[in-house]
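Database features (TrEMBL):
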type: SIGNAL; residues: 1-23; note: signal peptide
type: TRANSMEM; residues: 290-312; note: transmembrane segment
type: TRANSMEM; residues: 356-383; note: transmembrane segment
type: TRANSMEM; residues: 389-411; note: transmembrane segment
type: TRANSMEM; residues: 432-452; note: transmembrane segment
type: TRANSMEM; residues: 464-488; note: transmembrane segment
type: TRANSMEM; residues: 514-540; note: transmembrane segment
type: TRANSMEM; residues: 546-569; note: transmembrane segment
type: TRANSMEM; residues: 581-601; note: transmembrane segment
Amino acid sequence: MGFFNHFRIWVLTICLVFQSGYGFYLPGSYPHNHGVGDPLSVKVNSITSIETEMPFSYYSLPFCKPQGGVKDSAENLGELLMGDRIENSPYLFKMHTNESEIFLCKSDPLSADDFKILTKRIDEVYQVNLLLDNLPAIRYTSKEDYVLRWTGYPVGVNIQDVYYIFNHLKFKVLVHKYEETNVAGVMGTGDAAEVIPNVAKRDSGPPGYMVVGFEVVPCSVMINADSVKKLKPYDKFPNKLKCDPNTVSMPIKQGQPIVFTYEVEFEESDIKWPSRWDAYLKMEGAKVHWFSILNSLMVITFLAGIVLVIFLRTVRRDLTRYEELDKEAQAQMNEELSGWKLVVGDVFRAPTNASLLCIMVGDGVQILGMAVVTILFAALGFMSPASRGTLITGMLFIYMILGIAAGYVAVRLWRTIGCGDSKGWASVSWKAACFFPGIAFLILTTLNFLLWGSHSTGAIPFSLFVILLLLWFCISVPLTLIGGYFGAKAPHIEYPVRTNQIPREIPAQKYPSWLLVLGAGTLPFGTLFIELFFIMSSIWMGRVYYVFGFLFIVMILLVVVCAEVSLVLTYMHLCVEDWKWWWKSFFASGSVAIYIFLYSINYLVFDLNPSSEIPILAACSWCWYPPFRYPFH
């Protein structure tokens with residue numbers, strides 16, 4: 001253990017030395033050192049709502065614009081696919097310099113269209129999302145014994161058919177002093193601080209500060225537009241502005257302008273730079289996750305017991321007895337055989353639509369591999385939310401690279417079913433490369449046309465469409481064909497028994513086989529439905545999901561359960577002399593997708609509809625409703 005600890009420490013030392021030479025950093029691991037008085041620029045992301053799930057540009061509303069014009073920030077593939085549109089904003093801070101009553105701008109008188117769109121966004125509970133040093137603005141509210149926190153703040157509030165806007169923002173920026181010369185101490189790796197040498201600073205100036213927190217309190221403050229006629233942006237407002245988040249006083253009216261102001265306060269914090277995302281990543285309910293894992297283990301144990309009985313007691317015992325008999329006794333026993341022993345000569349008969357089965361199995365291996373590798377890398381911290389869009393980008397590229405696995409598995413299974421015949425392997429590989437991506441691209445295109453018509457930032461730009469097509473046909477398809485080539489050259493799996501020329505008639509069943517196949521999906525669904533709730537909340541409610549360790553364990557358990565369910569169901573069909581097991585074993589575990597789809601509909605109808613809580617929150621109707629149902633605390 002001592003050797004490995006020293007090895008780990010020296011690897012970290014080498015990485016830090018490379019950092020001093022302007023090497024690369026892991027996502028989110030590069031601290032920015034700001035001197036006192038240095039400018040800090042706040043950025044804005046798309047405004048979002050859990051009611052419509054359609055993001056729109058921040059500047060689609062009559063907000064203040066930067067003096068130098070609106071400029072887009074560089075975005076990666078994942079950010080564009082998620083609908084993020086990060087732009088500069090007029091909010092400017094100076095490091096460790098408190099400012100109050102800062103006049104930002106006065107909007108033009110609200111036209112009929114501006115008033116209509118603004119009131120509509122308020123009714124749809126849209127949230128404004130701000131960023132400072134890549135940290136989203138976070139908002140805290142106390143509710144009984146809970147401390148609620150979520151990112152962003154609402155555009156406004158509707159109280160008794162009067163619309164109020166939050167025109168004054170009170171910011172609090174938490175900073176940590178950048179005073180340590182030992183990089184290990186700054187990065188929070190205290191266990192290695194004694195052996196990691198000091199790295200020379202790039203800047204010889206006085207120590208600065210790092211941003212470790214960004215909080216916002218939205219307020220609706222009544223400001224007369226005539227009182228700011230002589231003020232320029234960033235001038236100090238002549239009167240004291242009282243920011244009370246429990247009251248609203250700035251109604252919006254058609255034909256009248258809106259005055260925007262802000263204040264900022266800096267506060268030194270003990271939070272170190274590596275821990276600054278803890279407020280966003282903290283997900284309570286670890287006991288619930290462990291309960292989900294325990295539930296999965298119980299299902300696995302139950303199914304493993306059934307599998308053990310099947311193999312050790314039934315199959316193995318019957319085969320042993322059969323091998324011990326002489327030929328005459330075997331012939332006599334063949335006349336008395338029943339169950340799965342009667343379909344030995346038909347069990348490996350080729351299924352109907354064999355090529356489609358091979359294609360779906362190959363694509364399934366590709367998707368499973370992508371999920372396992374992505375979740376593993378995320379659990380190890382390589383896909384931190386500090387690097388926005390990395391998770392989606394990583395999933396996309398891992399999926400493309402694993403096209404070689406899809407082609408290999410599809411073609412090798414095709415050759416196995418065809419008893420070694422490799423004819424048509426190129427066609428199978430091509431279909432495997434286009435089947436699932438083609439369906440996904442068709443759905444994406446249809447949804448994108450709807451988003452384009454709504455002028456949503458969730459719509460994918462045409463240039464990104466071209467990039468996705470190039471990635472598909474220039475990387476994914478060739479890799480799948482390469483995998484198919486290796487699958488065609490690899491030896492096929494030999495069947496242990498011969499297949500009879502004439503297929504055996506399947507006796508009439510007491511119950512339809514598809515009913516058993518559909519029921520089998522309940523067991524895999526039972527292992528993941530708890531974790532599925534947290535994933536749904538992350539996707540649709542804007543929460544950060546980061547318990548990938550739990551998710552990785554649940555996924556491994558899910559794979560085991562699916563394998564056991566397919567095995568048990570196949571044995572049950574063979575026992576009733578039904579030798580058409582290929583598709584049934586595939587859909588036995590695959591039917592879990594039906595239950596996931598039904599659960600998604602249930603989540604959309606019941607869990608994602610906050611309208612039932614509006615009367616409860618009338619006293620604080622500008623609060624975002626879902627956190628009161630599922631609070632972080």
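Backbone N, Cα and C atoms are what each Cβ position is placed from, and that goes for glycine too.
Between the transmembrane segment (464-488) and the transmembrane segment (514-540), fewer than three CB pairs separated by 6 or more residues in sequence fall under 8 Å, so the two stretches do not touch. Proximity of the transmembrane segment (514-540) to the transmembrane segment (389-411) is not established, fewer than 3 Cβ-Cβ distances being under 8 Å for residue pairs spaced 6 or more apart. Remote same-chain residues near the transmembrane segment (546-569) are listed as 281, 283, 289, 292-293, 296-297, 299-300, 303-304, 306-307, 310, 368, 371-372, 375-376, 378-379, 385, 516-517, 520-521, 523-524, 527-528, 531, 534-535, 584-586, 588-589, 592 (criterion: CB distance under 8 Å, separation of at least six residues from the stretch ends). Remote same-chain residues near the transmembrane segment (432-452) are listed as 54, 358-360, 362-363, 366-367, 403, 406-407, 410, 458-460, 465, 468, 472, 476-477, 480-481, 484 (criterion: CB distance under 8 Å, separation of at least six residues from the stretch ends).
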